[in-house]
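Take a look at the structure below.
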Amino acid sequence: MGFHCPGLETKGKSHLKPQSLGEGKGNQASFSLEAFQVLKQYEKRVKHLNKEKLEEPSNIIECNSANVLALSTEEIIKVATATSLEYHLQRSDNLPSLSFGCAPYDLTSDGVKYVELIQFLIASAEKVGQQQFDDVSEMLSMCDQMSSATGNPVQRIVYYFTGALRERIDRETGKITPRGLFTISSNVEEAMVSLSPAILECHQRMPFCQIAQLTGIQAIVESAADAKRIHVIDLKIDYGVQWIALMQALAARNDCPTELLKITAFGTTSMSKIQETGKRLAQFAETVNLPFSFNIVMVLNINDLKKESFELEDGEFIAVYSSLFLKNLLTQPHCLESLMRVIRDLRPQIMVITEPEANHNSQAFKDRFVETLLYFSAIFDCLEACMDRSDPSRMGAEGLYLSYAIKNIIAKEGKERTFECVKIDYWRAYLAEFGMEETELSMTSLYQAIQVVKKFACGSYCTLDMNGKCLIIGWKGTPINSLSVWKFC
């Protein structure tokens, strides 16, 4: 069983296959996906991890195969951009009509309809980018008619991207005032806090989220094999589900018993939420009889962060864990630099970084629009395969979290943008400036990634590629996240 899509190979990348990694992995800890259920139900007994071999997965997570389109959303978008678009607006009560040539493509009637819809969306984006707002009204109305927040992935993604285009128009025409922008931003931030359980549920059901978490934790376990006192600094802890797997692995060690696992959560907001996470982790640590402490480092401004904030102790093994966090500082370069200087002063033995493997920063608006459309199409496709269309968690995550990200990229410019992504090559160059060196993921860590994929019935859609020493996790060939491991030279 391979996890790559024919015809989508990328130069310089290699694809991972289970058979290439071997089956005999003695004396290594393996993780089970049950770890993601334990945090909410920590009082239930959790099976200890088998240290003798990596077991074949059980409890396969179901896939909604009936919902999967004949063509992926990304493929539909590529067909839409490749075919010629010829539309004309009729000055009547009728909606605009559209025709295009697609002879090389064997499309069903539904496929043609969805290609047309994407073409209308991209043509609308081009008009918006040229500030031809009067000309785009009818085209956006057509997108509204054919899209839906409850439909298939194509209809859903068009629904949210149309909304982002409308917000961009409102911003550029002054319909949204600065005061109104502040109110909208505050309302979204409040809603995002209440959305955390929905996002957690989506992460549990989507393979690439769990692949990055469990493979990254495997790398920490291996690096800390001889350490008795382990200090993990988490830059974005959220619900902390990733540390359940680490606790299980450390509790199962016999050759080097753990004297203390210390987790320090870093944050700039949501102190009460982080405190609740700490309580849940402490309660779980008790159930596996693991010595544990939890600290919080809270600063209002990252520029105020100091090495001394982390209460380091002699003899600690220090690991820094950054999951989808560094991207938040790309629009605040001084804050990112301050954070990295502090991390350099901490001199961790390992730093695990997960970041989106995407570039949404093209100066030309249409290029940025298409880049963003392709990336999010894979995420909407994954949600379609992994969750029911009416699932409240999916609806909440799409309607608020993904919608917010899309609007942030499409509707905002300059300092207003807080959601930016860059690819691993950028991070390699940037981290090298701070004396950091990328290290290879072990064969056991890579094998762990494949084991996670096998837990999902839709795992065949998941792609695992190597870009140098970095693991690229994707969906139907579209890169989603990168996972890399670093140390200081």
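Note: Cβ is positioned from N, Cα and C throughout, glycine not excepted.
Remember, predicted model here, so these are calculated numbers, not experimental data.
Per TrEMBL, the features are:
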type	residues	note
REGION	1-25	region 'Disordered'
MOTIF	230-234	motif 'VHIID'
REGION	276-308	region 'Leucine repeat II (LRII)'
MOTIF	326-330	motif 'LXXLL motif'
REGION	411-487	region 'SAW'
Next item on the list: Please give the sequence-distant neighbours of the region 'Leucine repeat II (LRII)' (276-308): residues at least 6 beyond its ends with Cβ less than 8 Å from one of its Cβ atoms.
Entry: 38-39, 42-43, 45-46, 237-240, 243-244, 247-248, 250-251, 258-268, 329, 332, 334-335, 338-339, 342, 345-346
Item checked: For the motif 'VHIID' (230-234), the number of residues DSSP places in helix, strand and coil -> 0 helix, 5 strand, 0 coil
Next item on the list: Give the residue counts of the region 'SAW' (411-487) per reduced DSSP state, in the order helix, strand, coil.
Entry: 28 helix, 27 strand, 22 coil
Notebook entry, point to check: By DSSP, how many residues in the motif 'LXXLL motif' (326-330) are helix, how many strand, and how many coil?
Noted result: 4 helix, 0 strand, 1 coil
Check: In the region 'Leucine repeat II (LRII)' (276-308), how many residues does DSSP assign to helix, to strand and to coil?
Finding: 17 helix, 7 strand, 9 coil
